[in-house]
Amino acid sequence: MILIQNKISKILGFFYWDKKDPVLFIFWNSLFIAFLCLPLGINLPTPFFIIAMVLGVVHVLRQKITMKKENRVLLLFPIYFLILCASLLYTQNINEGVELIVRSISLLFFPIIFLFVKEDAATVKRLFDFLLAGLLISFGINISIGGYQIYETVKEQLVLNNDFEETISSLLYALKLGGTYLLESDFSALVNPNYISLYILLVLSYYLKNKLTTKTQSIILFILFTYLFLLASRAAYLILFIMCLMLAINIKDKGKRYLIVMMMILGSIIFLGNARILNNSKKNSVQTVSRSTSIENTRLLTWHAAWQLMEESPFIGYGVGDAQQKLIDKYKDLNYLKNYQNRYNAHNQFLQTYLQTGIIGFGVLVAIFIYLSIRMQRSRNEFVVFLVLTISIFFESMLVRFNGIVFLSIIIPLLLKERSILGSRIIRNQ
């Protein structure tokens, strides 16, 4: 009984406790639970983020604290949101535009909230702790689902008879067939694998800078690396390689540094040996007549189509309601059939924003990341986080889906603050 009570007390200790201020109590704990739920599904964290936004606004309205001039850069997010709203004036598909505006409402509220909410290192660190817990839970769920799918495939395909070779052959074939359930989107049925990869990389950027002092930490890192490997995101592999390289540079002992670099090279070979990447490379080595059949070039074709649309409407774009449909129509015009059939977005947030709002919205988004690069060049650890965020939105339209929008509307403002607790105390560890 005492052991159970101690366990409960330990779990409750992870939450935010402030009996004097119930508003902040609910605000922070709602954020904690939302971060826990982020890797577990699209809809699970939504009510908790809404509660946090409402309570955050209540906290701002009751405060008499003036906004610090050096933190006014956070207002770029509300400006970006207002530009999205203004694009509704010249978009035809109002319903789709309004849906995106509603999903983007956190871009308006959270940056303003964090202008007035004072965060401390322990509280912000718990955001990462809860996100890590969510990742571990989602890994367990996905492994269980994948394992069950493999079991069902083996049961269906396995041939049991007196011919030993045929039995082994059918078993190997079944395992190979079932193994596809442990790769990429099939392995991440709960949330888009690109978002899971982003969450893992940000958690790793914090935890990799600390020494591994316990077996539990080593096991957690092994699980995260395994998760990242199975998700098979090339952008994530690139970011991870750069992250490890910068961490290796920090090692003063030349012998250890050499060993780490060799391990990185071997690790890269293993990661690039992922079945999905090898299969794609083999497929793309065969030239076909139709441009739409090239899996390797799908993203390049997407960017090419987006670029052509940008040239046709460079100043105001097409509005939040029409941008996606215009891109899909352009795929059809260019005979990019795979892109057209899958209705791909721009797979680059800078291009996506340009299509939605033209040069003005694009300029604001670029300004946000320019300021972020300036604020985060104080240490290698911070710069790694900047790279994680920048490369992620370069290869994915992160401000289209709710998970990406709300995550970035919290993390980036916390990093942009002049005396950022997240930047200095959590990432730099100062």
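Counting begins at 1 with the first residue displayed.
Cβ atoms are placed via backbone N, Cα and C, with glycine included.
Nobody curates TrEMBL annotations by hand; they come from automatic prediction.
The feature domain 'O-antigen ligase-related' is assigned by TrEMBL to 220-365.
According to TrEMBL, the transmembrane segment annotation covers 21-38 (among others). Listed as Cβ neighbours of the transmembrane segment (21-38) (distance under 8 Å, sequence separation of 6 or more from its ends, same chain) are residues 14-15, 44-45, 48-49, 51-52, 55-56, 58-59, 62, 117, 123, 126-127, 130-131, 133-134, 137, 191, 195, 199, 403, 406-407, 410.
Annotation source TrEMBL lists transmembrane segment at 44-61 (among others).
Taken from TrEMBL, the feature transmembrane segment covers 73-94 (among others).
Taken from TrEMBL, the feature transmembrane segment applies to 100-118 (among others). Outside the transmembrane segment (100-118) by six or more residues, the chain places 24, 27, 49, 53, 56-57, 59-60, 63, 65, 67-68, 71, 74-78, 80-82, 84-85, 88, 320-321, 399-402, 405-406, 409-410, 413-414, 417 with a CB less than 8 A from a CB of the stretch.
According to TrEMBL, the transmembrane segment annotation covers 130-151 (among others).
Annotation comment: TrEMBL describes 187-208 (among others) as transmembrane segment. Here the transmembrane segment (187-208) has Cβ contacts under 8 Å with residues 38-42, 128, 131-132, 134-135, 138, 141-142, 145-146, 181, 217, 220-221, 224, 227-228, 230-233, 235-236, 239-240, 243-244, 247, 381, 384-385, 388-389, 392, 395-396, 398, 401, 403-404, 407, 411, 426-427 of the same chain, all six or more residues outside its ends.
Under the heading transmembrane segment, TrEMBL lists 220-251 (among others).
Among the features that TrEMBL reports, transmembrane segment is placed at 257-275 (among others).
According to TrEMBL, the feature transmembrane segment maps to 353-374 (among others).
For the transmembrane segment (386-416), same-chain residues at least 6 beyond its ends with a Cβ under 8 Å from one of its own Cβ atoms are 31, 34, 38, 42, 45-46, 49, 71, 73-74, 77, 100, 103-104, 106-107, 110-111, 114, 119, 124, 127, 191-192, 194-195, 197-199, 201-202, 205, 235, 238-239, 242-243, 299, 345-353, 368-369, 371-373, 375-377, 422-423. If you look up TrEMBL, you'll see 386-416 (among others) marked as transmembrane segment.
Beyond its flanks by at least six residues, the transmembrane segment (353-374) meets 73, 76-77, 79-80, 83-84, 86-87, 306, 309-310, 313-320, 323, 326-327, 346, 386, 389-390, 399, 412, 415-416 of its own chain at Cβ-Cβ distances under 8 Å.
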